[in-house]
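Here is the structure we will look at.
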Amino acid sequence: MKIATYNVNGISSRLPVLLRWLNETQPDVACLQELKAPQEKFPEEALKEIGYSAIWHGQKSWNGVAILTNGEPAKERCRVLPGDAEDEHSRYIEAEVNGLIIGCLYLPNGNPAPGPKYDYKLSWMDRFNAHAAELIKGGTPVILTGDYNVIPTGFDVYKPERWTEDALFRTETRESYERIIAQGWTDAIRKLHPTEKIYTFYDYFRNAYGRDAGLRIDHFLLSPNIVDRLKAAKVDRHVRGWEKSSDHCPVWIEID
DNA sequence: ATGCCCTCTTTGAGAGGA
């Protein structure tokens, strides 16, 4: 089973690229982030025409997440991250697919840091940590994937010294991410490619893609009981070079 | 240090992204 994640940066503007990528790579499941569209503007029919069902949680202007499946719709478990009834951002949707729990997340950016946006990021991460711990306890195999907006190590960014004060790379951000990992989660890309330079995001500025000046911020975390089934983990880097591309690359894994 | 580019929106210039 092939499971992908793709921060589309606006599903309306991205629809041609999204359809081309789905047709060419045929993931069984695709988790999308940054729909930037209200619930009723989601292109359900266009996706259905190429064989994909969807569950999604839209929001006007910002955020928005979806889980696409090739065939039957995913069985939704929740569409908000538990832990804060006041939080209105559409940043998390979770479903059961083929006996797996799949969580699709768009973790807050958090810049500028420090400040209220950074505080929101850290509190969101605390809630995410708590939810991840519950999922591991539940015993069902889990995949948590999406745009984490976290650069895990200096090896995951083209020039780490430029990013030390950025919300994606600050010490507190990395420490919070490390606390999730310490629960027993496995970073699928690094498990299979421990020493390879791999990026999933390239800024639109300064020809970042052409210079390979990227960040690795889109991740797959696997619960302990599914790690042995991991067969492949890759970035569709070339998609970033397409006309009208998102600033993120699709990333995918293959599970037995 | 800042803008760069791209997306969204009360279609303007501003906010947000990372």
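Along the chain as shown, residues are numbered 1 onward.
Placed from the backbone N, Cα and C atoms, the Cβ positions cover glycine too.
Annotated features in TrEMBL:
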- A:Y106: active site (ACT_SITE)
- A:D147: active site, proton donor/acceptor (ACT_SITE)
- A:H248: active site, proton acceptor (ACT_SITE)
- A:N149: site 'Transition state stabilizer' (SITE)
- A:D218: site 'Important for catalytic activity' (SITE)
- A:H248: site 'Interaction with DNA substrate' (SITE)
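Feature map: TrEMBL annotations on the structure.
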residue: A:Y106; record: active site; DSSP (3 states): strand
residue: A:D147; record: active site, proton donor/acceptor; DSSP (3 states): strand
residue: A:D218; record: site 'Important for catalytic activity'; DSSP (3 states): strand
residue: A:H248; record: active site, proton acceptor; DSSP (3 states): strand
Rounded distance in angstrom between the Cα atoms of A:D218 (site 'Important for catalytic activity') and A:D147 (active site, proton donor/acceptor): 4
Cβ neighbour count within 10 Å of A:D218 (site 'Important for catalytic activity'): 25
Candidate nearest the residue listed as 'active site, proton acceptor' in space, where candidates are the recorded positions A:Y106, A:D147, A:N149 and distance is Cα-Cα: A:D147
Residues near A:N149 (site 'Transition state stabilizer') in space but at least six apart in sequence (CB under 8 A): A:L107, A:P108, A:N109, A:G110, A:K121, A:A167, A:L168, A:I217
In the chain carrying A:Y106 (active site), residues 6 or more apart in sequence that have Cβ under 8 angstroms from it: A:N7, A:Q33, A:E34, A:N63, A:G64, A:V65, A:S90, A:R91, A:Y92, A:G146, A:D147
The residue listed as 'active site, proton acceptor': tally of other CB atoms within 10 A of its CB: 25
